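Here's what Swiss-Prot has on this protein:
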MOD_RES   33  N6-(pyridoxal phosphate)lysine
ACT_SITE  33  active site, proton acceptor
BINDING   131, 309  substrate binding site
ACT_SITE  261  active site, proton acceptor
């Protein structure tokens, strides 16, 4: 018997990746950073590969090394790399590394020297996000340094890449501007004498809506897990995560009873209350107080009062409810339960954050569709 659980449907991940892969001639990198967006990095990676993914993408060196320790041998790109990391371990493990500056390139050269083999690099150009990557004015210097390092046998420039700002808002002019900057940057790559095998720019949203941005490799993340990056569009994706818990306690209270800390909710009639053993330590946003949707007894209800560290309360009115009944916070929506999108709307965030929060806590994660 379980008290609370996050269930992950690995067949949904396989199906989503297969569908995404069929929509483009480009290779596909399934992004499994953030513990697979809360779905479990290694199980999600295996499922994505089953579905036809060619690459895996992560942020950190530790994430990439974990994939290698799990026996995964496909190309892996790691791109969020602070100074001073043991990058030679990544080079030895055959991990591709993202490079955003000349200083970072110098670290990669040293890592290759220590590892005794060239570091495989993807040079990143900042096309407008103002985050990682070399700006268009810095780009020639990075390209010249990379070309020299490659000529010296210290590195191999495998890819050139960037990241969109507004791809989740189809038609936004910034996307076209970024694409133009990327093309400008690619022209400079050629002039520097580099011939990288992979050019990549498309995240989930661009994979789904901008075939002109697919180039040689697409990098879907959220869509792998069945969630849409574009508001109001489902694209036929199948959500992979369900979060639920069993009612811990029920009680009858009179009209006018204050509920949870601060009594921010008061019953307007005699009511049956259900205490659910999930709280902000389990990924339930405290901002879901008096707003988070939950299905219990086939009825959508709203969290009553403040979310606590370990529990919250539902006002069930006259409806019968008993300890052990299942409360579903979100799932696919097929049976009328809330979705991660519903939760994101209720608390003023994005579906990415909802699944990542719920899937990366003390709540046990269980899997359907596991393969031997």
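Just so you know, glycine gets a Cβ as well, placed from its N, Cα and C.
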Least Cβ-crowded entry, counting other Cβ within 10 Å, from the recorded positions listed as 33, 131: 131
Cβ neighbour count within 10 Å of residue 261 (active site, proton acceptor): 11
Residues near residue 309 (substrate binding site) in space but at least six apart in sequence (CB under 8 A): 279, 280, 281
Alpha-carbon distance [the residue listed as 'N6-(pyridoxal phosphate)lysine'; residue 131 (substrate binding site)] in Å: 17
Three-class DSSP secondary structure - residue 309 (substrate binding site): coil
Residue 131 (substrate binding site) in three-state DSSP notation: coil
Rounded Cα-Cα span from the residue listed as 'N6-(pyridoxal phosphate)lysine' to residue 261 (active site, proton acceptor), Å: 35
